[in-house]
């Protein structure tokens, strides 16, 4: 299916003078896909700086929003937005993979719209102390919610083969084995505890592509970040949770920035709309027709306009897919996308340098 690039005029919807880091990607296209044309409840599963949430609230005076974020800093930062919209916004700290449970805790059984913006936020990247950036020195952390093992724990504690798999499958780093080997050799001398240490180490192994603006450490940092936060597993859980809470006619819009994220979303919508067979984890190996729980809103990925990528280069890899919930019951979770979100078994490793 051909990809659809948003028209150049879409950027006219952005607030005048807005900073790129505060403007959600594909905002006009997300709002069009959701079609907020009636009173109802919207769930923003990835609140961040509140860009999508504000737009949802401004779409209509009878739209209510529950906004979720696992990052307590983001939740604290949304207090002014809560006050500005007079009781129409509720902020909830938690993981969007549990959004059905989280909105039930808010005495809401179903939602009319769900939007998910997958991956790290610009705010997190820009704050050196969060440990996401290879361009600024800071502690090697990368935890979105502050809980669980940090990137430093993985880098200094995991076996070389596991590190290589993380870098290759989650970061798509072709020189994953060489990078993993260099990490293990370096940590024998001293622990790797800062982003600058790791970025310099990777840059010594991965040569920059001629003429490319991409830093040599980009893919390695991405792979570690995805592993630290279980981002792909969270995406799978979030898709299934959204499927459970959406009313018939409700819409789900998902923005991704990584090819594996997009593949998971594509397979989910393809299976749930009847375009592909569905395999359930409850009946492994059996593919059979299942109720069509979604119909496609976007026939292929919607890409940002050239104007948007000019203003916000971080948007260049973004893709939007959306679907509308049918009245069919939610089928069991899809085993195929759960597999995509996991590291392969050791014997599944392909040849890498």
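Quick reminder: no glycine exception, Cβ is built from N, Cα and C everywhere.
Since the structure is predicted, the reported quantities are computational estimates derived from the model, not experimental observations.
As recorded in Swiss-Prot:
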- 50, 51, 52, 69, 96, 117, 124: S-adenosyl-L-methionine binding site (BINDING)
- 276-353: region 'Disordered' (REGION)
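Structure with Swiss-Prot features highlighted.
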residue	record	contacts (Cβ under 8 Å, 6+ apart)
50	S-adenosyl-L-methionine binding site	67, 77, 78, 81
52	S-adenosyl-L-methionine binding site	24, 27, 30, 44, 46, 115, 117
69	S-adenosyl-L-methionine binding site	46, 47, 48, 75, 91, 93, 94
96	S-adenosyl-L-methionine binding site	45, 46, 68, 70, 116, 234, 238, 241
Item to check | Other CB atoms, at most 10 A from the CB of residue 117 (S-adenosyl-L-methionine binding site) | outcome: 24
Checklist entry - Which state, by DSSP, holds residue 69 (S-adenosyl-L-methionine binding site): helix, strand or coil? => result strand
Checklist entry - Where does residue 51 (S-adenosyl-L-methionine binding site) sit in DSSP terms: helix, strand, or coil? => result helix
Checklist entry - Relative to the Cβ position of residue 51 (S-adenosyl-L-methionine binding site), how many further Cβ atoms are located within 10 Å? => result 23
